[in-house]
Amino acid sequence: IAVTHPKFSETPHEDMRYNDTNLRLNIEFIWRPLMDQHVAKLLNHLKRRKSLPKLIVMGSATHAIKNSNGSALALEEYKKNLTLLSSVLHQIGNKTQLLWMLQDPVVPERLKPERLAITNDQLDLYNMAAMEVLYNTKVHIWSSSRLVAQGSIGGFSDGIHAGEVAIKYDTQILMNLYCNDHLNFNDGTCCNSREAVTVTQIATFAALCSCPIILIAVAVKQWLCVSTHINGKNSTLSSADADTAQPLMVGDKESKKKNDPSSQDFLMALGKLGLIMGYFFLCDRTSLFMKENKYFSQLNFWLPLGYVFALGLFFTEDTSQTRLLHRDMTDEWRGWMQLVILIYHMTGASQVLPIYMHIRVLVSAYLFLTGYGHFSYYWSGRDMGIVRYCQVMFRINFLVVILCLVMNRPYQFYYFVPLISFWYTVMHITLLLPPRITRPSHANSEASPFNYLYSIIKFVGLGGFITVLFLSEVFFEKIFVMRPWKALFVTTDDDIHEWWFRWQLDRYSLLYGMIFALLYNGLAQYSLIDDKSGSNLMGGRLALLVSFIATVFIASYSTMTLICTNKPDCNEIHPYVAWVPILGFIVLRNMVGILRTRYSSFFAWFGRISLELFVCQYHIWLAADTHGVLVLIPSYPVANVLVTSFIFICVCHEIHHITNKITPFLVPNDSLRAVRNLSVFGFLLMAIGVHDGVF
């Protein structure tokens, strides 16, 4: 400040103050060049103050060297005085940020004659003394300023005072030190203080980690009981009695084996989950592993994409299923879409508008498949009860709820899961409202032609309700900011606009899937298409015509993404045209029998864990809450991607199996037990929310 501000250049060796009421900023420069009684008096005054500055920067050496002409006695005196003050500095450092700035190097040939005693060797001795004295205190050594000075040494016009470049970067470092903890930044490498661990996080880890301990304790107890029982029988029973008792013991063991594995598997699954969550926490809530920013290039995006699709095409095989959009095919579809989305996120390709719009179609396709799959399930006359709904919702949300507790993030942070959960709930309620499409007495809903009429009425009503919500954002906010479900739709800043953006972008996608499912079932019922064998869906020229139209659909959407010039306009059009490329893809993928009866087992494998892949990428593949990339192997980007990807995929696969083991235990097929368990789980989450101030 003394160098750059003209007012201070005449008399720099004095106290100075700067105040900006608009920024609520107050900067005070206190001139105390020597570690003496004046500094001790100032520090004691600071210690007694109730409110301390948010940031204090201290430093001293050059004047002590100059006044003593580089004497060794002065260095010892400096070290002695600093040692006496270290306890006070430690107490102040406990209350606020306190930095000790190491002295910058000098340019000897530019120094004035009276400053020639200030050499770099002397400065190194004083810096080492300060670091040694303050090592075990709450005072932070600011060493990066010295590195900045070394890199801009040419700007030291008088050989001792930092130039404009060094001052600029030092100021930026200080601003980052304070401001980064109060800003929402989109930077993976941005330095900020580690988040304080909350009571909820500690309790969650304790509950998960206690499960294997309980399992071991139960196993030891059972082993001791069995050993005691056998010893007791051997000492009291005769051989004849023992012969008759043995089958009973075997029967007891068999009954235990039938009853115990579920609870043992449950405890072991939660124990594994606790270890996995520990890895999540280390990767994205500590500074143990480095993070780096995403850097987009066409090569970085298209090369892994081509490699993945080459693998997918290589691992293809026949399937016994011939129906349109059968299970193997939908798993394959989800798999390659998820891999494309992962590459998109890793490479930061959202800045390229055509790529961004095609990824938006993939997200819409997920919702489309949700509507198609669940509507087809209900249409076939199968279970629409509370147990089915709870099991689906539990599988979708279990991982995200655990991550919210462990990573201290709001539910809306994992936006895709709230979106899927909301639309599945809307669809379930729509189908349950009278008149019912499926009835328990009917083996198949196709038996009643009125079901088509009922479905159309429901679709029109649902579309109208969605449109009304979209046209009135005020009405939308009033619905979704109501308590107690407000916490499910707002971000950390208590903002609903992120949910509004995601909701309106894919507001019709689930409805498109339901309409397509109804249309397909109608065509199949009246034999307008044939998918019961491995033949083509349609014959002759009609198949060629429909395939040509499907190709035009896909090409027209891709052309639209090239013509569209900005994201807001593209996002506004997207909800109305998202069905076009999706329908085109379905037709081309299913029209030819040979293609319909083959699928990529590689993509299908990833499709079965697509939900885990989408959610887990936030913390153990990407990092810094998706703004950066996790670095386990610095300086080797290709090796780092391979290692992090391998760990990431293995973790997702294991979490998928853990969820499958836990779901039957917590959401059994018995409706009363399922509702009881989920009610307890819900009340527990509400208690945590009240404790954290969510409600």
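Note: Cβ is positioned from N, Cα and C throughout, glycine not excepted.
Looking at 161-180, 361-380, 601-620, the stretch flagged in TrEMBL as transmembrane segment turns out to be 361-380. Between the stretches 114-134, 576-596, TrEMBL puts its transmembrane segment entry on 576-596. Note on TrEMBL: of 413-433, 665-685, the range annotated with the feature transmembrane segment is 413-433.
Note on the transmembrane segment (413-433): residues 363, 366-367, 370-371, 374-375, 378, 384, 389, 392-393, 396-397, 400, 403-404, 458, 461-462, 488-489, 491-492, 498-499, 502-503, 506, 509-510, 514, 611, 614-615, 618, 625 of its chain, located 6 or more positions outside it, place their CB under 8 angstroms from a CB of the stretch. At the 8 Å Cβ threshold, with sequence separation of at least 6, the transmembrane segment (335-354) comes into contact with the transmembrane segment (541-564) through 3 or more pairs. Simply put, out of 266-283, 295-315, 386-406, 510-529, 629-649, 510-529 has the most Cβ pairs sitting under 8 Å from the transmembrane segment (576-596). Below 8 A, the CB atoms of the transmembrane segment (386-406) and the transmembrane segment (266-283) form 3+ pairs separated by six or more positions in the chain.
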